[in-house]
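Asker: Below is one structure. I have some questions about it.
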């Protein structure tokens with residue numbers, strides 16, 4: 001098999017779609033996953049990429065954490081920006097419980113996390129991690145949407161960083177083929193296929209997304225999580241869209 005990479009797009013709480021995709025890859029694309037050279041992602045996409053690489057057996061645990069996290073946000077008077085609610089602390093607690101002690105070693109030079117320098121607004125892809133805490137900090141930085149996730153920016157190596165999805169929402173690696181995964185309909189390998197829309201696309205932070213009403217709804221759901229039933233449906237969509245891709249590429253097993 002030629003050089004294959006997997007890249008998961010930034011998408012907030014639509015990351016449940018990515019978990020459905022990851023579950024399908026583990027169940028029906030084992031040979032593909034085994035041969036993947038590198039994993040990449042931004043924001044929620046980087047979180048799922050890190051789990052698929054370092055702790056694939058914990059995908060179901062991630063699902064349950066995501067459902068509970070979303071329920072917490074829905075219960076807040078003003079969602080994630082409710083005064084007194086610590087979005088980043090909750091996210092960190094999930095990472096602490098899911099990522100294994102050796103996560104940084106497993107991720108070394110194989111996980112590429114998109115982050116944005118708060119001062120220069122330049123994008124960086126980080127792929128070296130000196131410790132588990134180092135990895136967690138980079139993942140937190142990649143997921144930090146200013147104001148929404150809090151006011152205190154994430155510090156890493158003496159600089160302040162924010163959400164990688166603001167500058168590169170879907171990292172494409174320079175070597176080999178990068179299989180792209182996104183819960184937004186667009187020019188992607190694995191994504192929903194919106195029907196009956198004008199064939200118009202907009203490039204948002206290096207991700208080609210179709211101009212459609214469904215994508216506008218998804219954008220809202222990324223920051224304001226929908227009901228658990230809808231999130232379960234999004235998970236199933238991620239699973240089903242990935243199965244279609246595996247069948248089409250003759251990687252299904």
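In case you wondered, yes, glycine gets a Cβ from its N, Cα and C as well.
According to Swiss-Prot, the domain 'PNPLA' annotation covers 6-176, on the basis of sequence analysis. Taken from Swiss-Prot, the feature motif 'GXSXG' applies to 41-45. Sequence annotations record features per position, and here Swiss-Prot assigns active site, nucleophile to 43 based on sequence analysis. The active site, proton acceptor annotation in Swiss-Prot covers 163 and rests on sequence analysis.
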Asker: State the count of C-beta atoms found within 10 angstroms of the C-beta of residue 163 (active site, proton acceptor), not counting that atom itself.
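Answerer: Result for residue 163 (active site, proton acceptor): 27 neighbouring Cβ atoms inside 10 Å.
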Asker: Whole-number answer please: how many Å between the C-alpha atoms of residue 163 (active site, proton acceptor) and residue 43 (active site, nucleophile)?
Answerer: 6
Asker: As a test of the contact definition, list every same-chain residue at least 6 positions from residue 43 (active site, nucleophile) whose Cβ is closer than 8 Å to its Cβ.
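Answerer: The answer is 10, 11, 12, 15, 114, 142, 143, 145, 163, 164, 165, 169.
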Asker: Using DSSP and three states only, what is the residue listed as 'active site, proton acceptor'?
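Answerer: Once the DSSP labels are grouped into three classes, the residue listed as 'active site, proton acceptor' ends up as strand.
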